[in-house]
């Protein structure tokens, strides 16, 4: 790889990292705002105009609080837990194609940090590593509630990853590729996967809620029954890291859902736009930039949906959660694979 | 039995329909309700900048009035203290000296007049009892929160209406 490419990649990765952190930071603000709006309140509005500096105030508060470690806790693992959660959460946005390709000075610049032909598998691997952060933290706290929360997190993630993976297989059967860029490119224009995989998307969406430990599946951190679950003993910025990792995970899952089912950076009438501009380089760049905007709009809509659901639905009971995962979503995902396979065969047969 | 109202409902447990068991229509309905609230008018009153509108007969902080010449109307008759159900009012009476006619309207006046705002229930009975129209509950002021209990005992310094320099209406 040339040094220019390396430099570009380094800058791009830094930018994506920054954007991820920024979005996660402001997710906390919008979470509170949306919660307030849904409950007929106005939410934080004192720190800065419209409360926009609230995340800074929160971070300042968390940083300056006492960094407490329980006496009987395993100190090394206690510190490692939130670190792992954070690291893993920030790693996963590396393979997501946030945009197509810019042409800068005759050089093709892809708006994706790393192009790997196993992008989907990478994301799944990294996201499932995230449960280690919760598990380590919950176990190291040496507290019954934390351990219960950690066990819940682990078993919940394992149960729902199954249905999630199976619903994904149907998409992979359609696209025939594991590369996220390839999957995105195949959904050009308005040819999104959601039109072919509505059931698969629904399963994926439900599983995404469970994977990110969001309501109605936030049993690992249910404050009413487990006084916070795996982060019972955490305070200060270590707690902040856990909460932050959750928001980063929401961002990543939203990006993955947009990529897999909602056409990533593709938007309707993009070919018309491309043809409307005579200069091919300019046309390509304009379409790409609009595509990036479209991608982020999709991501923000998903993040809003996550919060909207959180302030609408109550929490499941644990047996209901397991029943939903194994007895309903799992068979449905298999059915979805069969239907997709049948559809592909029929298409080959008739057309 | 004859039903008392026509609002009676059968509560026998029915088997759920498929739509009910699928849970998704109910979720969509719930999301609709929360989205409706998202765009509703907010109930919050932005307190320090904005205060809730009060009724015209709202009873707030007491004031001891002066007459048109600026003399205190109170004659320390004690009827307000008697009327007070919370026993929040205490006073000591004194005799007006020569040369103090511009300060006190009657020959007898209140040397001290204290209202304990922690006891007061703002019922307005003192206002009704007063024969001299000396004490009133204002409709635009309230007793603010304070750190010390002593500070809630309002003496004459805080109760008597300030001397007006301009013509009263």
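Here the Cβ of each residue, glycine as well, is placed from N, Cα and C on the backbone.
Here the structure is a predicted model, which means the values were calculated and not measured.
Features reported for this protein in TrEMBL:
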- A:6-29: transmembrane segment (TRANSMEM)
- A:77-99: transmembrane segment (TRANSMEM)
- A:119-141: transmembrane segment (TRANSMEM)
- A:162-180: transmembrane segment (TRANSMEM)
- A:192-210: transmembrane segment (TRANSMEM)
- A:247-267: transmembrane segment (TRANSMEM)
- A:287-312: transmembrane segment (TRANSMEM)
- A:324-346: transmembrane segment (TRANSMEM)
Would you say the transmembrane segment (A:324-346) and the transmembrane segment (A:287-312) are in contact under the rule of three or more C-beta pairs closer than 8 Å, pairs 6 or more apart in sequence? no
Proximity of the transmembrane segment (A:324-346) to the transmembrane segment (A:192-210), 3+ C-beta pairs under 8 angstroms: yes
Chain residues outside the transmembrane segment (A:6-29) and at least six past its termini with a C-beta under 8 angstroms from it: 44, 51-52, 54-55, 58-59, 90, 93-94, 98, 109, 111, 113, 243-244, 247-248, 250-252, 299, 303, 307
What residues in the same chain, six or more past the boundaries of the transmembrane segment (A:247-267), come closer than 8 Å to it by Cβ-Cβ distance? 20-21, 23-25, 27-28, 31, 86, 89-90, 92-93, 96-100, 111, 120, 123, 127, 130, 168, 171, 180, 183-184, 187-194, 197, 200-201, 204-205, 208, 211-212, 214, 288, 290-292, 294-295, 298-300, 302-303, 306
